[in-house]
Amino acid sequence: MPVSVAVCETTNVVNAALRESLGVGIGSGGASSDDKSAGEDTNSLQNHIVANAKRILMTKIEYEEVPNYQEAVLENLKSKYIVIKPTNPTNGCNLNGNTANTFGNKNNAGKIVGANGHDNNGRKLSDHPNQNHNHANPNGHHANPNELPKPKRVLYPRENIRIGWKQSERKWQVGSGMINAGNTCYLNSTLQALFHIPALANWLVSEQAHMENCNVSESGSFCIICAMAKTLQATQTTQSAVRPFLIYTKLKQICKHMIVGRQEDAHEFLRFLVEAMERAYLMRFRNYKELDQLVKETTPLGQIFGGYLRSEVRCLSCNHVSITFQHFQDLLLDIRKSDSLEEAFEGYFSREKLEDFGYKCEGCKKKVSATKQFRLERAPITLCIQLKRFSMMGNKLTKQITFKPRIDLSKFAARSPAASVQPLIYRLVSMVTHLGVSQHCGHYTAIGSTEAGSYYNFDDSYVRPIAIQSVCNTNAYIMFYELDPLQTSSPAAARANGLRLTNGHGPVPVAVPATVSSPLPSPAKFIGPQLPPGGINGYSNGHGPKTTIQFKPQHQPSHQQNGVQQSAKSPLLSTHVKVEAAAGAAALAASAAPTANGNKSSSNHSNHKSVNQQHYLPISSEDEDSEDEVKARPTVQLPSMPKMDDCMDSGKPKSPVKTPVKTPLKSLVPYESASEEEEVVPLPNPNARKRSSDSSDSEHEPTTSSVQLNGHSKTNGSLSNGSSKSTDAIDEIFKSLKGYQAKKKSADSEDDDDDEDEPNNQLTNGWHPQKQSQSQSRSGPPSPKTPPSPAVIKSKTGIWKVTRDDGDDDEDDDDDDDEVVEEARAVRTPVKNHRNPFASSKTATDSPTTPGAKRQKLLNGSAIKTQQQPRAGNGYQSEATANGGTVNELLKQSHRGYSSSVLSWNGKPAELEKEPFVLVCAKRIAGHGSLDGSGSGSNTDIIDTEIPAAAVNFPSGSCSFSLLADARDQRQRDLADDEENEMDRGRQRKVKSGSAKISNSTPGYNPFMEFENQKRWHKNGGGGGFPRFYQNQNFRQGFQQRNKFKFNRFGGPGSAKFQQQRALQRHLAAGGGFTRRQPTHSAQQQQQQQS
């Protein structure tokens, strides 16, 4: 509203008052601000204006709409005044008379500074990053509301804070203890923690000049800064424990509700103590009450402990972001859902959702749902952290929180273009611990660091050194971390900006081990969350614990030094990036252990490459292996590392490996092992860890060379189009068992064709034949009637033997005595499909095999077998004959009496379901009779033919026939009553309901307990006919009501009650039910008459 309208209407009144005041000569009295009564000077200017004030206020002001206030009103006012050119003051004072803060910028001298740190042109002073260059903006711009405002005045520059013990000129001692004056452990521990903060201690020592000229103590008041400085000096100069009387005698002045001798909270005392020191520092300034909040936050305590949080509230409707800044001096971390300090920081700075429709958006102008997130806009020099261990009810959360002596808060800093690249590293300097179970009781101690870097425990007057491991395992309550000055990249730059005044976040450099050196420029790095060793699905870049996802350039020659090789291949090409959730891939990533010196765990995942489209993937362990050069391996080999032959050339085609294992290995890894490097087998191929599908996806080569890695063969080439598919080992066994009979019929013809088609002993389905035994001739294959040895499958649940349920075993085993026990057999090593180990694939009948050769069991993925060598069964298989007929027959039988029928692998009923019970018992006894004392079967094979029970030779006649009879009776008893079997299995027996029904609704009534108690009471057949002790019927009814499950314990055999009980017993013994006994008056009267 234009004020000139009202002024113009009252011009005459004001002019008359001025003339009268000047004429009388009392103008000075009218200009003074002293309060005078109306009767002293009625002719004063003040009295004239007050008298006409009512008239001025009652004057009607008419409003007019103008298009522009600047042109309509201000231009008219300018014509009535003379504009005098202002002169810039040379002392740098602003309009309020306060000294302007130039923040160390000499170019800003002589400028009037506004409220937000701007000059007259509206340009921020912080926009001059270089002191020697002043980039002027002719147009100027207003303050950015999304940036932290600048204070008009800085009471204590941030650059004057000295960080670290080395910044001081004096020699710092460990410090003496403090005497407990009576429940003052909270005070002693807090003071010790503050005195061992280098920044605060250096500032207190620098206040020596203030202590000499301090006039607060002379006036009878209290200066807490002087008291803290004197107490610190006493702990440094005194060898014995000191008494901090300067602090606890003035406890009422620090906090009004604190009482000496009463237990208090250490964090509460800390906050009141810091606030009292800030007030004492502000009292040094004459107009400290008129200072705004931003200026009050520039005290030395605010510069040391103070920081700013950036709060971003994002509207979920219009995505409007509201940014505010909040000053803090400590961070209160919630540890209820955290186990470490890093997790607590993650939860504090994570994005949280506000209450639904509880935030009024500035853009939508309505209440909407929003999210809120904190960021570090300006990190403090000393970070104070309080763990929320106490609740409002006084209970304490005593969980252990793990923390480190150094923490990095760079990822929580607010990102800005002018951010510094130096990391935000803090180191632990002191802490306060609490021993106790609640807030109302316990003991406080302190831990502080010294100039030498060691830590000491301060328990009141006791001071003792403590190891860093013990420090990290303490039950911390308050922790003080100080900014590490050694982590600054440039001391001059750190000094200029006050050690991260902007606290921005830039790219964090990744530490590379010294063993890797390359003259080429480093590839582009991925800035973001880093993966742990192993990564996704076993990917690892071999850089130790610091795993960074990197992107490879398209062409980069390889460089090798100290046994660590960098990748030089082209980047991985893929049309789509897929994370397969197959069981084999999950097991591979779960148990893949990282190895040292550049040896990584292998991951065999299929890669579908596309030349037209390029997609960058993280560097994996397979990509670091060169295809053209041999990687130099260290001489030391771990058990989980494959032994590579350094002298082999990977460019030459490899011949089949025919070196057998000298000693049978017993592995503790299941068959589907996550790592193929468990067995220490000398391998000549250094590129054996390449993916099996690399060559199949590329151009097909005519050579069919194969390389075996720890018993697993890998195909580098293929002759047919359909032979390159991987077949799972378990599916291969299942389908080979189903088609076993069909393969035996065409054995002779297909065997000859197989020898001609495979010159390099490489089968098209991925099975690789091994060295044959001497007893086998190439011209004459072994008899197809030789039963195969049971295949062993090792899984996570244990070892399983595969048995077949075909009817040809009984016929084929008749002439088994004429056959040689140890025959040559083709070792079939499957090429595992890591995308899906249980995926369906081609059966074994698709490829020509040698059906005359026996199938060798797949144990631990190893397919190595020599002549007359016992099988390594991992402790679960007896080293008997190769056919294993006894164990095979025992495993085919099911436990009928204990559980449901066990089906065979192909889903058919076992032999026990089809054969007579007598024949099974005979075969079982015959099998036990053929075993020697060591538990291994003899050379005489037990075949599966139908043997009459009379033709079996038993060790002892009476014992064997009794065993048959007992087994037959047991089987009849099992099939007789199904309910009894259910009782044997531990299930609850169902109560039979006969003539009587259970009609008792009493809670907790148990008919079984009542029946058992009845038998126990009358086990002697009843006692003598004792008379009734209680003749009162009403009392007897109450007694029976209280003792519901008790009967007449003293009635004779001839009493009616006893006869009634015996009848109930006979009824229950016959399987009938019963109801609860209802006492009647007629029965009791009859019993009393008989007595």
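Backbone N, Cα and C atoms are what each Cβ position is placed from, and that goes for glycine too.
Keep in mind that this is a model prediction, so the values were computed, not measured.
Annotation source Swiss-Prot lists active site, nucleophile at Cys185. Counted within 10 Å of its Cβ, the other Cβ atoms near Cys185 (active site, nucleophile) come to 23, all protein chains included. Following the DSSP three-state reduction, the secondary structure of Cys185 (active site, nucleophile) is helix.
Marked as active site, proton acceptor by Swiss-Prot on the basis of sequence analysis: His443. Proximity of His443 (active site, proton acceptor) to non-local residues of its own chain (separation of 6 or more, Cβ distance below 8 Å) is seen for Cys185, His434, Leu435, Gly436, given in sequence order.
The compositional bias 'Polar residues' annotation in Swiss-Prot covers 547-572 (among others).
The compositional bias 'Basic and acidic residues' feature in Swiss-Prot is assigned to 643-652 (among others).
Taken from Swiss-Prot, the feature compositional bias 'Basic and acidic residues' applies to 691-702 (among others).
Residues annotated as compositional bias 'Polar residues' in Swiss-Prot: 703-727 (among others).
The compositional bias 'Pro residues' annotation in Swiss-Prot covers 781-790.
The compositional bias 'Polar residues' annotation in Swiss-Prot covers 838-850 (among others).
According to Swiss-Prot, the feature compositional bias 'Polar residues' maps to 863-886 (among others).
Taken from Swiss-Prot, the feature domain 'USP' applies to 176-484. Note on the domain 'USP' (176-484): its mean pLDDT in the predicted model is 89.
Annotation comment: Swiss-Prot describes Ser518 (among others) as phosphoserine, evidence class similarity to another entry.
Under the heading phosphothreonine, Swiss-Prot lists Thr659 (among others), citing similarity to another entry as support.
Swiss-Prot lists Thr663 (among others) with the feature phosphothreonine.
Residues annotated as phosphoserine in Swiss-Prot: Ser673 (among others).
Residues or ranges marked as phosphoserine in Swiss-Prot: Ser675 (among others).
What Swiss-Prot lists as phosphoserine is Ser749 (among others), and the listing cites similarity to another entry.
In the three-state DSSP assignment, the secondary structure recorded for His443 (active site, proton acceptor) is strand.
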